[in-house]
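The active site, nucleophile annotation in TrEMBL covers Cys411. For Cys289, Ala290, Gly291, Pro292, Gly293, Gly294, Lys295, Glu314, Asp340, Asp358, the entry in TrEMBL reads S-adenosyl-L-methionine binding site. TrEMBL lists 19-31 with the feature compositional bias 'Low complexity'. Annotation comment: TrEMBL describes 187-477 as domain 'SAM-dependent MTase RsmB/NOP-type'. Feature annotation from TrEMBL assigns region 'Disordered' to 1-31, 227-257.
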Amino acid sequence: MNPGEPRRSSGRASGGASRGSSGRAPAGPSPRRIAFDVVHAVARDDAYANLLLPTRIRRARLTGSDAGFATELTYGTLRSRGLYDAVIARAAGRAIDRIDPLALDVLRLGAHQLLGMETPPHAAVDESVRLARQVGAPRAAGFVNAVLRRVGERSLDEWQTLLTAGVSSVRGILAIRHAHPEWVVDALADALAAEGRGAELDALLAADNDPPRVTLVALPGLAEPLAADDPSRTRYSPLGVRSRSGDPAADPEVTSGVRRVQDEGSQLAALALSRARPATPGERWLDLCAGPGGKAALLAAEARAAGAQLVANEAVPQRAELVRRALAPVAPEVEVRAGDGRTIGDTEPGAFDRILVDAPCTGLGALRRRPEARWRKSADDVAPLAALQRELLTAALDAVAPGGLVAYVTCSPHPEETRAVVDAALATRADATALDTPAILSRIVREPLDLGPGTAAQLWPHRHGTDAMFIQLIERAAH
Ligand SMILES: C[S@@+](CC[C@H](N)C(=O)[O-])C[C@H]1O[C@@H](n2cnc3c(N)ncnc32)[C@H](O)[C@@H]1O
């Protein structure tokens with residue numbers, strides 16, 4: 001999980017030149033160069049910014065305002081990439097696929113400094129020209145200079161007004177205003193409308209652009225219990241706490257593994273299953289799609305407290321290894337397997353009392369913590385994912401014992417990945433019933449959760465401050 005992103009910074013500290021905020025010339029790459037390398041690796045190699053950037057910042061020994069500048073420049077550019085591409089295409093008078101990829105990434109970074117940060121325009125332009133030369137696009141330096149000067153002639157608001165001038169649909173306008181692909185806006189709008197909250201689309205899209213604060217889970221039975229009046233506790237999860245410093249690595253309980261960085265929505269998804277009803281000692285629990293092991297760690301702690309046994313399964317061997325590493329310091333007794341979860345119903349029918357299906361999904365519910373994610377997936381990804389989700393849920397319903405529980409969870413609110421998957425799976429099974437998940441959660445949470453109608457719990461960043469997790473508990477009939 002991403003250890004959080006800083007809130008929007010002015011970028012003034014490093015905005016005037018490529019020197020560090022201390023005034024000395026930095027020994028390693030400048031914040032702008034680091035931002036370029038990460039943005040370019042995301043575009044060229046499908047790299048993950050939240051994994052690459054912290055390593056690059058550490059290696060370059062950037063700290064304080066320089067690290068903040070590099071982070072805001074990288075994440076802000078990636079988050080609004082589609083919007084900046086539209087601006088750049090207008091300013092350049094050509095489609096972005098007709099711009100040299102190195103120059104394009106320099107332009108994207110320049111556009112964010114001009115439109116999304118408070119970098120003085122001359123610094124944004126001059127430093128971008130210098131960057132173009134540095135990264136191997138010296139012949140594009142004049143072009144970068146000319147395009148960015150045109151970009152800087154308008155404010156962000158003026159550019160958005162220009163770009164939305166010919167757009168008639170509300171969703172199309174919101175897509176430009178909040179820098180989301182239109183298919184994502186459609187999916188989010190449909191999900192909100194399904195629970196009668198269509199008017200909240202603007203607020204949801206705005207929340208996607210607001211990086212979340214770092215939330216930790218205190219593993220029960222392992223971490224120091226949270227005091228009832230601890231002001232850093234989160235609103236809903238009984239195990240959630242806000243990182244005071246914003247730097248979890250500075251917390252000794254995090255280094256020892258008994259506190260983990262985990263969104264409150266993910267905590268509630270795991271707890272919905274483990275606390276739906278009291279567990280009987282000896283129960284067998286399964287985390288079917290466990291990599292990289294965030295929810296498995298919480299389930300392992302819950303299982304141990306209840307006298308249950310957890311098995312964690314993950315299809316991708318490298319990710320199964322991450323699960324092993326996540327569990328090693330706190331729950332070495334958990335069996336971790338690398339296998340295709342779709343076969344579990346055949347190989348171990350009726351073998352488990354509780355199963356978590358935290359299915360692979362588009363991740364549209366976690367856009368605020370993964371800056372580039374919204375531009376990485378396309379509408380074409382949804383159908384194959386939904387087919388896989390249906391197979392995994394069906395396998396889980398076969399592998400759960402009569403009377404047992406399955407939690408179907410996604411970090412996406414896309415209707416095709418959530419309600420449609422549950423409806424399709426239940427339509428073919430007389431032996432499975434959707435439980436009233438909001439009612440069950442209401443007995444677990446610290447403060448009442450305002451959830452929409454129906455048997456599923458859909459969390460929302462703009463309403464609950466969590467990722468948009470979807471949680472549906474399903475019970476298999478006793479006989
Ligand atoms: C949403 S992630 C799970 C996150 C995890 N539960 C956590 O909290 O850290 C979905 C996982 O399912 C895995 N996966 C994909 N296809 C699978 C399959 N057929 N069987 C089991 N796992 C699968 C993916 O590799 C990915 O690690």
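Every residue number used here counts from 1 along the chain in the order it is shown.
Heads up, the Cβ atoms here are built off N, Cα and C, so glycines get one too.
Listed recorded positions: Cys289, Cys411. The one with the lowest count of other Cβ atoms within 10 Å of its Cβ is Cys289. Maximum C-alpha to C-alpha distance over the listed S-adenosyl-L-methionine-binding residues Cys289, Ala290, Gly291, Pro292, Gly293, Gly294, Lys295, Glu314, Asp340, Asp358 is 19 Å. Other Cβ atoms within 10 Å of the Cβ of Gly293 (S-adenosyl-L-methionine binding site), summed over all protein chains shown, number 27. It is 12 Å from the Cα atom of Lys295 (S-adenosyl-L-methionine binding site) to that of the residue listed as 'active site, nucleophile'.
Fewest other C-beta atoms within 10 angstroms, among the binding-site residues Gly291, Lys295, Asp340, are seen around Asp340. In this structure, the CA atom of Gly291 (S-adenosyl-L-methionine binding site) is 14 Å away from the CA atom of the residue listed as 'active site, nucleophile'.
Rounded to a whole number, the distance between the Cα atoms of the residue listed as 'active site, nucleophile' and Asp340 (S-adenosyl-L-methionine binding site) is 20 Å.
Per-class residue totals from DSSP over the region 'Disordered' (227-257), listed helix then strand then coil: 7 helix, 4 strand, 20 coil.
When pLDDT is averaged over the domain 'SAM-dependent MTase RsmB/NOP-type' (187-477), the result is 96.
Cα spacing between Gly293 (S-adenosyl-L-methionine binding site) and the residue listed as 'active site, nucleophile': 15 Å, rounded to the nearest whole number.
Distance noted between the C-alpha atoms of the residue listed as 'active site, nucleophile' and Cys289 (S-adenosyl-L-methionine binding site) is 13 Å.
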